Amino acid sequence: MNPNQKIIAIGSASLGILILNVILHVVSIIVTVLVLNNNGTGLNCNGTIIREYNETVRVERITQWYNTNTIEYIERPSNEYYMNNTEPLCEAQGFAPFSKDNGIRIGSRGHVFVIREPFVSCSPSECRTFFLTQGSLLNDKHSNGTVKDRSPYRTLMSVKIGQSPNVYQARFESVAWSATACHDGKKWMTVGVTGPDNQAVAVVNYGGVPVDIINSWAGDILRTQESSCTCIKGDCYWVMTDGPANRQAKYRIFKAKDGRIIGQTDISFNGGHIEECSCYPNEGKVECICRDNWTGTNRPILVISSDLSYTVGYLCAGIPTDTPRGEDSQFTGSCTSPLGNKGYGVKGFGFRQGTDVWAGRTISRTSRSGFEIIKIRNGWTQNSKDQIRRQVIIDNLNWSGYSGSFTLPVELTKKGCLVPCFWVEMIRGKPEETTIWTSSSSIVMCGVDHKIASWSWHDGAILPFDIDKM
């Protein structure tokens, strides 16, 4: 075969392959159209394709026309049901670590807020850490003087549990130097107290929008729990104090629906003092263990019913759980009266387990260092000293601080009971350490049906920071 014949043969073969390829494509298109039409899903160039992307604060709907995109924003659908929260507390044999934010360690080189009073609260889908910022960052000049409790720069913010209180993930909640927050199953409600000491105001936000307010009724530093409020069947409850920190003050229970106050009642507690209650739901009622900042080293107990009737007294146990306090052996316990004659105090918590009680306390009797949780047999109803369980959370070589309670709802756990959980604040900086600032991180623990070994989950930041050396 001469060269011309070879060229003709190759060209003919190529042309044949090309024609076959075209035929196959035509057949493919015909088959596709027939199949789509038979299935009722034939596409029209004038039709639309809608894709929805669920984001944190909105649903983004993208409508794709032929050669055109139209983007519109539609309201994110809210949860349909209120949480029940009438289940009993689960029995806890020990407490397992749930989260640790390490905020101060990260903040030595990261954009982390200076905070105090962190606490945790949960919705049906997530738990969040709330905290009161000082309007400044760690290792920055504006952190100077942040040992002060109340200032116009303080705000309530939140992050998903386990995240550090950093600039990039924090969500603004309220202007506040005292606060509480909880979720009713549909939306978050926050109560943020701010303003001058003699005319402070509490703003109730629901779904991020101001809905109601509470003005100071005693003109002496209106304040609230610094931990989670409690929602039962859509009604949310919290406790507030107005008046002196070192003598008789005035105390009120508030009840709100969808962020609007629908009830309140004064607590009659002559001779007793209530501040910074740590509350949780249990069998349809709200149970609180509070702080007596006047005289008692035993903790006030408050049990609230849905009609705002209440019982108030002191944790009966013959072991004191406030700080400062005396020796355990010298304490007798009382269900009705403050004992110990030690002023000041620290926010704390406990959980009723039948007639027993789990109670948290600092290991030190005189300072906010170390932390342990102990189980006292019949400690809810009797002056019992029978300590049947002890778990160390922070050893006594490291700083602790406030502590408080919350529960995991059944929507999260799929259990038939509410899991008891607590957090412990670890305060660093002033007044105990040589820094220009005061801030804290936290460790969070949740009840399990197994014993858990003691350990020290302390803060671990190495101080002072660079800003403290200038």
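From the backbone N, Cα and C atoms, a Cβ is placed for every residue, glycine too.
The record in Swiss-Prot pairs Cys231 in a disulfide bond with Cys236, which is drawn from Cys236, Cys277. Checking the candidates Arg128, Arg260, Arg291, Arg352 against Swiss-Prot: the one annotated together with Arg116, Arg150, Glu275, Glu276, Arg368 at the substrate site is Arg291. When Swiss-Prot is consulted, the disulfide partner of Cys290, picked from Cys277, Cys279, turns out to be Cys277. Going by what Swiss-Prot states, the Ca(2+) site holds Asp292, Gly296, and the candidate of Asp307, Asp322 recorded there is Asp322. Sorted by the number of other CB atoms within 10 A, the binding-site residues Arg116, Arg291, Arg368 start with Arg368, the lowest.
When the Cα positions of Arg116, Arg150, Glu275, Glu276, Arg291, Arg368 are compared pair by pair, the longest gap among these substrate-binding residues is 21 Å. The record gives Asp292, Gly296, Asp322 for Ca(2+). Within 8 Å of the mean position of their Cβ atoms, the other Cβ atoms in that chain belong to His273, Arg291, Asn293, Trp294, Thr295, Thr297, Asn298, Arg299, Pro300, Tyr314, Pro320, Pro338, Gly340, Lys342, Gly345. The average pLDDT computed over the region 'Head of neuraminidase' (89-470) stands at 97.
Under DSSP, Arg150 (substrate binding site) is assigned to coil, being neither helix nor strand in the three-state scheme. Annotated pair Asp292 (Ca(2+) binding site) and Arg368 (substrate binding site), C-alpha to C-alpha distance, rounded: 16 Å. The Cβ of Asp322 (Ca(2+) binding site) lies under 8 Å from the Cβ of Arg291, Asp292, Gly296, Thr297, Asn298, Arg299, Gly340, Lys342, Gly345, Val346, Gly348, Arg361, each on the same chain and at least six residues away in sequence.
Within the same chain, the residues at least 6 positions away from Arg150 (substrate binding site) whose Cβ sits under 8 Å from its Cβ are Trp177, Ser178, Asp197, Ile221, listed in sequence order.
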